[in-house]
Amino acid sequence: MYFSAEDRGEMMSMVYNWPAEQVDMIVVTDGSRILGLGDLGVHGIGIAVGKLDLYVAAAGINPQRVLPVMIDVGTNNEKLLKDPLYLGLQEHRLDGDEYVEVIDEFMEAVYTRWPNVIVQFEDFQSKWALKLLQRYRNSYRMFNDDVQGTAGVAIAGLLGAVRAQGRPMIDFPKQKIVVAGAGSAGIGVLNTARKTMARMLGNNESAFESARSQFWVVDAKGLITEERENIDPDAQPFARKVNEANRQGLGEGASLVEVVRQVKPDVLLGLSAVGGLFSKEVLEALKESTSTRPAIFAMSNPTNNAECTPDEAFSIVGDNVIFASGSPFRDVDLGNGRVGHCNQGNNMYLFPGIGLGTLLSGSRIVSDGMLQAASECLAAYMTEEEVLNGVIYPSTSRIRDITKEVAAAVVKEAIIEDLAEGYRGVDSRELQRLSQEEIVEYVKNNMWNPDYPTLVYKED
């Protein structure tokens, strides 16, 4: 479905044009930041269709109960504004209160018709992604895949990297992490990682403060400290105190190479969308890491935006490095029959399970606890042998099984947090009585399978 800024006042009646009486999942985009391709306007609808394909394939959401949505509020892509064949509104994007009013009306309309639907926000530009998430997350069943899904997969990888070092996941709060990039994905990962550390440290104020000091954030202007002028409010909590930075031999705007050299991090995490940012100098500096097995996460998409390649990581930093990327790369042949594993931290490992688990629990919201349960489930999914071999994400051939386990973890957490209200014939009291095995079975039984009966039998 396409909703346009010109449809203001009409969206409530428009949603009734959709022929399906039941909709379980909506993926919505405004086309403003599609992958690394930028502002595609209404041409961005493919991302909503594609994500719902994955809900069907991975989570077993019935394809008759999904709805891809484009909200057309204009485009700032000059090429499209001048293209006579462009199908969307040929005007600059709405901004400010006018923009929010359009999204508000859409949300009210879909939840009026389908009160139990889950809405996944996808590829909204950074300036709106976090604002809309904060605006709706406590009143609607919604989440933002770029902020929370990306963060969840990164956290699972970070926890997997701790396991790959031969340590328990509970050691995660001891990891020193340098983060390159402070857009919506970067801030989303930072906030989630900090909350995860704080929970492991006791979930109080001092734990939260202690967790903050594990991160060093570098953006296009260099290291972010409290001396930064006009600092982005979302990045503010991660600005290093000046005396902390000075003690490390660093100052405001220090380059990525300097930060890596001085901090000697356990993890170098890239969410910058700047291809090749992890240069030879940066990777050489990482060789000084205090970790026995440093991890490199080059998470930006598509492939040419990756901060470095696995070949560069293994050849410069060494065979022992843990490597993960957002885009697919081939494993690296290290010689003598050894393989440098390239782990793809794809959001597909989490968002289908988060959506399915939220749906089957009947939770009123998607809580931080439910998201963390999903990440920890993915991190624990790999066997000890696999993680010690540097494999921190599973093969996509196991995606149905992974999604089932993640969804069960989400359902269980919703029950623990007393958010579960039940689904269809199963009420919240019945859910509370289920054992772990029964929850997994409940999830499995509610996953749609593309099995078709044989209608014509042919005798041999």
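Any Cβ shown, glycine's included, is placed from N, Cα and C.
Automated prediction, rather than curation, is the source of TrEMBL annotations.
If you look up TrEMBL, you'll see Arg33, Asn301, Asn346 marked as (S)-malate binding site. Residue environment of Asn301 ((S)-malate binding site) contains 19 other Cβ atoms, counted within 10 Å of its Cβ in all protein chains.
On its own chain, Glu122 (divalent metal cation binding site) has Val27, Val28, Thr29, Ile47, Ala48, Lys51, Asn144, Asp145, Asp146 as residues at least 6 apart in sequence with a Cβ closer than 8 Å to its own Cβ. The annotation divalent metal cation binding site is assigned in TrEMBL to Glu122, Asp123, Asp146.
According to TrEMBL, the feature domain 'Malic enzyme N-terminal' maps to 1-137.
Summarising the annotation, TrEMBL assigns domain 'Malic enzyme NAD-binding' to 147-415.
Summarising model confidence by region, the domain 'Malic enzyme N-terminal' (1-137) averages a pLDDT of 96.
Residues within less than 8 Å, Cβ to Cβ, of Arg33 ((S)-malate binding site) and separated from it by at least 6 positions along the same chain comprise Asp39, Asp123, Phe124, Gln125, Ser126.
Non-local contacts of Asn346 ((S)-malate binding site) by the CB criterion (under 8 A, 6+ apart in sequence, same chain) comprise Val153, Gly326, Tyr393, Thr396. Residue environment of Asp123 (divalent metal cation binding site) contains 24 other Cβ atoms, counted within 10 Å of its Cβ in all protein chains.
Other residues of the same chain near the divalent metal cation site, with their Cβ within 8 Å of the Cβ centroid of Glu122, Asp123, Asp146, are Thr29, Arg33, Ile34, Ile47, Phe121, Phe124, Ala129, Asn144, Asp145. Largest Cα-to-Cα span within the (S)-malate-binding set Arg33, Asn301, Asn346: 18 Å.
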